[in-house]
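Contents: one structure, followed by commentary.
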Amino acid sequence: MDTTNDSVVSEFVLIGLSNSWEMHLFLFWFFSVFYMGIILGNLFIVFTVIIDSHLHTPMYFLLANLSLLDLGLSSTTVPKTITNLFTDCKIISFPKCMIQIFFIHVMGGGEMVLLIAVAYDWYTAICKPLHYLTIMSPKMCVSFVVAAWIVGIIHAVSQFVFVINLPFCGPNEVDSFYCDFPRVMKLACVDTYKLEFVIVANSGFISMATFFSLIISYIFILVTVWKRSSGDLSKAFVTLSAHITVVILFFTPCMFLYAWPFPTTSLDKCLFIVDFAITPLLNPAIYTLRNKDTRVAMRRLGKRIVGPSGISQ
């Protein structure tokens, strides 16, 4: 028996989200428009932070890297989904399926770490303002980003090594619009019940631990602001409620799919539309575009591009 891969399946068929032609057309335009917004929004933030020296701060450094991970996470699935909807060809090769699984978990694991880093940055700025620049030093910020990639890779590899060696010798229809551990493992020619608990212990634990850590940190920040502002929470509550909304949207699909042995319903594949198409578009708007500093930087960038005479240079 080949110890690297016993598979006789050379490709998988992605069932997708619907068999209706009308729904295919709607999903094609939905994913296309949202993906274009994800590309433009996240890249614009990255370039603005790089070009404008006023945004060379710990917070914007972390947010720019978060935008890169958002773009990467979306790019693991959405382009393939758009292509499948346009051509009605739902086939994905075995190697490409495995690559897609790997990078979904690299980007997803990394994004969880950066969301924690952003929350920690907020906590430090609000609760320890006098020590902010000392704590959030350039070395600390780079360490957060490096840790995000290391955690993402370890998170992906620790599960991937089990799946890549599974024998696939029969069914090859994946009941989803993308490849991921739960759906692909169901097609293996062996009992994967024990392996499911490995995935749950890994992805489920990291999802739930990160989610509750973020919620607790935001509550702690709100309490701190409340104590220091004589009970006026209006501005902080509006800002943090938007952040909490993004956290809930991002982690709900993860916890639904990974926090217990894999469900057999089709709800999980619909929920992950949020992670791949909606959250990567909301993150730039909520974390960055709503900030006054970013809007001012964008106006400065616009003036540099257009020039004082109003004619593009």
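Cβ from N, Cα, C; glycine included.
Annotated in TrEMBL:
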| type | residues | note |
| --- | --- | --- |
| DOMAIN | 41-287 | domain 'G-protein coupled receptors family 1 profile' |
| TRANSMEM | 26-47 | transmembrane segment |
| TRANSMEM | 59-78 | transmembrane segment |
| TRANSMEM | 98-120 | transmembrane segment |
| TRANSMEM | 141-164 | transmembrane segment |
| TRANSMEM | 205-225 | transmembrane segment |
| TRANSMEM | 237-259 | transmembrane segment |
| TRANSMEM | 271-289 | transmembrane segment |
Considering the transmembrane segment (141-164), which listed stretch of 26-47, 59-78, 205-225, 237-259, 271-289 counts the most C-beta pairs under 8 Å: 59-78
Per-residue pLDDT averaged over the domain 'G-protein coupled receptors family 1 profile' (41-287), given as an integer: 86
Sequence-remote partners of the transmembrane segment (59-78) [C-beta within less than 8 Å, at least six residues beyond its ends]: 31, 34-35, 38-39, 41-43, 45-46, 49-50, 100, 103-104, 107-108, 110-111, 114-115, 117-118, 121, 125, 136, 141, 144-145, 148, 177-178, 275-277, 279-280, 283-284, 287-288, 293-294
Non-local residues, at least 6 beyond the ends, that sit with Cβ under 8 Å of the transmembrane segment (98-120): 59, 62-63, 65-66, 69-70, 72-73, 76-77, 80, 92, 141, 144-145, 147-149, 151-157, 159-160, 163-164, 178-181, 184, 203, 206-207, 210, 213-214, 217-218, 221, 243, 247, 250, 254, 275, 287
